[in-house]
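Asks: Structure incoming, see below.
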Amino acid sequence: MNQDELKRMAAAEAVKQVKGGIIGVGTGSTVNHFIDLLAEIKQTIDGAVSSSEASTERLKGHGIPVLDLNATGELELYIDGADESTRHLHLIKGGGGALTREKIVAGASKRFICIADESKLVDVLGEFPLPVEVIPMARSHVARQLVKLGGTPVWRDGFITDNGNIILDVHNLRIMDPVKMEQEINNIAGVVTTGIFALRPADLLILGSPEGVKVIE
Ligand SMILES: O=C[C@H](O)[C@H](O)[C@H](O)COP(=O)(O)O
């Protein structure tokens, strides 16, 4: 089985968790499978809250109504992918640059189910370069502070987020304490969001593997 089939396997398992209502929907290639499968049961839900322009377009393409989070109240369920996850369900997200809206929707949801292929499961976060969304004028300042934290920030040149900001991808971090690192990066002036999801981790991790679906909670 290739990686894409494993992603679809995890997405198919997550669709079984959908019990109506309004679904929070993340971003990325794994979530794209989820959206396509959600379309098959779209009559059973009231709509979706989306974490990116890309997911909004895909949802609407399937005829799934996309709702404003300000109008929905707290969501029962949020489904999203990840670039890395530990067994503690601490994540790195933002490889596609959607981390800020993802963190908002995750924070506004009672239950966060993360879907991925099993290659995303790691012992320690940080081999995947950590995305940090930054206000453009703060780019150099934030980069210097990230160096002080031990990282090597690289500007994702040419990429602008849905919120009009830039991304620094931080290499060479070995994140032993994800909660502390998330707080430290959040505290740098000019940082909008760090791709560490540890203060609000996932509640359930569904992994597609050649042996079948694996679930970690
Ligand atoms: O900004 C992108 C998101 O955080 C994605 O959920 C993450 O990058 C994983 O994407 P994929 O499912 O394509 O591996």
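Every residue, even glycine, has its Cβ placed from backbone N, Cα and C.
Below are the features listed in TrEMBL for this protein:
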BINDING   Thr27, Gly28, Ser29, Thr30, Asp80, Gly81, Ala82, Asp83, Lys93, Gly94, Gly95, Gly96, Lys120  substrate binding site
ACT_SITE  Glu102  active site, proton acceptor
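Help me picture where these features are in the structure shown.
Replies: Counting only residues at least six positions away in the same chain, the Cβ atoms of Ser51, Ser52, Ala54, Ser55, Asp80, Gly81, Gly96, Ala98, Arg101, Glu102 sit under 8 Å from the Cβ of Thr27 (substrate binding site). Mapped onto three states, the DSSP output places Thr27 (substrate binding site) in coil.
DSSP assigns Glu102 (active site, proton acceptor) to a helix in the three-state reduction. Within 10 Å of the Cβ of Glu102 (active site, proton acceptor) there are 31 other Cβ atoms, across all protein chains.
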Asks: In DSSP terms, helix, strand or coil for Lys120 (substrate binding site)?
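Replies: DSSP assigns Lys120 (substrate binding site) to helix.
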Asks: List the other residues in this chain whose Cβ sits within 8 Å of the Cβ centroid of the substrate site residues Thr27, Gly28, Ser29, Thr30, Asp80, Gly81, Ala82, Asp83, Lys93, Gly94, Gly95, Gly96, Lys120, in sequence order.
Replies: Gly26, Val31, Ala98, Ala116
Asks: Enumerate in sequence order the binding-site residues Thr27, Lys93, Lys120 whose Cβ-atom distance to ligand 1 is under 6 angstroms.
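Replies: Only Thr27, Lys93 qualify.
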